[in-house]
Ligand SMILES: NC(=O)c1ccc[n+]([C@@H]2O[C@H](COP(=O)([O-])OP(=O)(O)OC[C@H]3O[C@@H](n4cnc5c(N)ncnc54)[C@H](O)[C@@H]3O)[C@@H](O)[C@H]2O)c1
Ligand SMILES: O=P(O)(O)OC[C@H](O)CO
């Protein structure tokens with residue numbers, strides 16, 4: 001069976017390796033011809049994983065049509081702000097039944113739309129559109145270190161299709177029908193990881209990090225419930241699981257952006273230029289704000305991250321303001 005993967009960054013490459021290890025032929029779309037050349041000739045993505053040998057079952061190309069040719073399903077693994085453009089391009093090459101798994105984490109700027117809704121507007125047939133999320137740093141998954149994730153979809157058949165394509169002894173995949181919950185958890189945890197990075201960068205300790213993580217989970221839960229998702233999803237792999245790994249892992253770009261860039265007055269553009277990698281939380285703190293206003297949900301940590309990253313608020317002063325709000329019950333808004 002052939003599966004297509006759109007995006008040969010860290011996560012697209014790691015997922016292509018998982019699929020190929022499971023016996024699939026993988027068509028991998030990459031933007032840069034030199035990445036395609038290295039993958040096909042040397043079985044390496046020299047830009048992201050120079051030390052990892054990729055399966056010979058992965059064939060890269062810069063053509064959507066060639067990537068999709070005879071594929072039974074497609075994984076979209078580009079940064080979330082590119083999803084609409086990718087969906088529009090895919091509309092020319094996928095039929096109305098092709099299962100689509102979105103592996104990006106974020107929400108659309110300006111509209112606040114979540115990935116499945118964006119893709120549905122471009123491709124139609126929501127039941128064949130699923131999302132993947134969980135505590136999954138590409139650096140560990142590509143090495144076959146034990147990890148788990150959730151495939152969420154309104155259709156159990158689509159969820160099971162992708163679960164079975166991805167699951168193996170070291171990559172457990174669970175299914176869920178709470179797409180909105182899983183999508184919001186994915187967008188949220190990146191924002192909180194920036195907050196935790198800033199907190200460590202300011203010299204605060206583990207108590208502060210734990211407070212931000214758990215209060216971040218409370219914000220996440222309020223938003224998930226307000227948008228029609230299930231609070232329990234926030235306790236699962238896409239919620240608490242991904243929150244913990246993104247806030248605490250040395251691999252997390254979001255945390256590192258907060259700790260090493262934001263507290264030193266360095267920008268998102270600086271991070272992306274230095275690392276060639278995305279920091280999804282920097283955009284999500286703005287897009288979640290759109291949703292929060294629409295649903296009347298209180299998101300104090302998210303709003304603080306937005307003020308620091310986009311409005312030049314001083315991190316230490318912003319942290320003090322965060323602690324100066326009226327005292328209330330722990331699970332207000334739920
Ligand atoms: N890296 C991880 O561990 C990981 C794990 C789970 C989910 N994700 C999610 O997967 C998505 C992709 O992240 P990543 O880590 O693979 O990316 P990355 O940061 O490793 O690399 C960015 C990717 O985006 C591509 N890109 C940049 N501009 C582009 C454009 N204009 N058109 C097409 N492609 C463009 C780059 O070529 C590169 O492939 C993100 O939403 C991220 O949150 C990442
Ligand atoms: O490195 P980050 O911060 O983009 O996080 C990557 C993954 O989403 C972790 O599950």
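From the backbone N, Cα and C atoms, a Cβ is placed for every residue, glycine too.
Where the annotation comes from TrEMBL, it is an automatic prediction and has not been curated.
Of the residues 163, 253, 306, TrEMBL puts just one in the NADPH site with 10, 11, 31, 32, 48, 105, 138, 278, 280: 253. Sn-glycerol 3-phosphate is bound by 105, 134, 189, 252, 253, 254 in TrEMBL, and the record lists one more residue there from 127, 242, which is 242. Among the binding-site residues 10, 48, 242, 252, 253, 254, the ones whose Cβ sits under 6 Å from an atom of ligand 2 are, in sequence order, 242, 252, 253, 254.
Closeness to ligand 1 is met by 138, these being the binding-site residues among 134, 138, 242, 252 whose Cβ falls under 6 Å from the molecule.
Least packed by the Cβ count within 10 Å, out of the recorded positions 189, 253, is 253.
DSSP assigns residue 31 (NADPH binding site) to coil in the three-state reduction, placing it in neither a helix nor a strand.
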